Amino acid sequence: MDELKKLAGVYAAGFVEDGMVVGLGTGSTAYFFVEEIGRRIKEEGLSVVGVTTSSQTTKQAEGLGIPLKSVDDIDSIDVTVDGADEVDPQLNGIKGGGGALLMEKIVATPTKKYIWVVDESKMVDQLGAFKLPVEVVQYGADRLYLDFESKGYKPSFRVTEQGDRFVTDMKNFIIDLDLGKINNPVALGDELKAMTGVVEHGLFNGMVNKVIVAGKDGVKIVEVKD
C-alpha cells in the first residue's frame, strides 16, 4: 500500500514548478509528496514556498529544508496537494482522519489548483463508510455530542492511545460521526456548519480540481466534469 501512496505522491509533485506557493498536505500519502518536494529542492534547485496544513507537516517540511510561510502571509496558493479518506464519483470527499481538517480546509480555500492523492481503495460510490470528523470547540462539546446522538449520527469523541480526548492543532476536540451512508453531502455540510460549537467538518464538497489515484495498474487522474 505504501508503494501506491508513494506513486501518487511523487506523481503529484510533477505539477509543482519554480516560483510557486505550494500547499503541503497532511497524512500518509501527502507525506510522499512533501518528501519529493524536499528532494527536488535539494537535488534540482527547485524554488518554492510551502504552506503547511498541520504541525506534523511543518516539522517534516522544516526537516527537508522547504521554505515556509503562514497562510496569512500569502495572497494565494498555486497548488495544494493533500490526501483524502474517501472520494465519491462527484469528487466530494471526506478528510480529517489525521485530525488536520480545519487547517487543511483553510489552506485549500485560497488554492488555485487543489489536488488529492489517494490509493484506489479510497474511491467509493457513496461517502459515509469512513467516519465523518467534526471539529468542535471544547466548551460545550458534550452537549454537541448529545445533539449528534439525538440525530442518530452515532458520535464518538476521538481519543489518543492513552485514552484522553484528542486535541487538534487548533486546540479543539473531534467528534467522529458513524453515518454509514451520506445521501446528500452538501446538505449535511450546511447542517453541521450551522450548529453552534462546530468549527469545521470533514466534508470537502466541490473543492478539489483533480484526484491522482494510484492502483495496481499505475496512476490515473480523475478530474471534475464540467
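Including glycine, each Cβ sits where the backbone N, Cα and C put it.
For the recorded site, Glu104 (active site, proton acceptor), the DSSP three-state label reads helix. A C-beta separation below 8 Å, combined with a sequence spacing of at least six in one chain, links Glu104 (active site, proton acceptor) to Gly25, Thr26, Thr53, Ser54, Asp82, Lys95, Gly96. As annotated by Swiss-Prot, active site, proton acceptor applies to Glu104, with the evidence given as sequence analysis.
Within 10 Å of the Cβ of Lys122 (substrate binding site) there are 21 other Cβ atoms, across all protein chains. Feature annotation from Swiss-Prot assigns substrate binding site to Thr26, Gly27, Ser28, Thr29, Asp82, Gly83, Ala84, Asp85, Lys95, Gly96, Gly97, Gly98, Lys122.
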Report the largest Cα to Cα distance, in Å and rounded to a whole number, among the residues Thr26, Gly27, Ser28, Thr29, Asp82, Gly83, Ala84, Asp85, Lys95, Gly96, Gly97, Gly98, Lys122 that the record lists as binding substrate.
16
Number of Cβ atoms other than its own within 10 Å, given for Lys95 (substrate binding site)
30
For Asp82 (substrate binding site), what is the tally of other C-beta atoms lying within 10 angstroms of its C-beta?
30
Asp82 (substrate binding site) falls, by three-state DSSP, under strand
Same-chain residues at least 6 apart in sequence with Cβ under 8 Å of the Cβ of Gly97 (substrate binding site), in sequence order, are Gly27, Asp85, Phe130, Pro133
Give me the count of other Cβ atoms within 10 A of the Cβ belonging to Ser28 (substrate binding site).
15
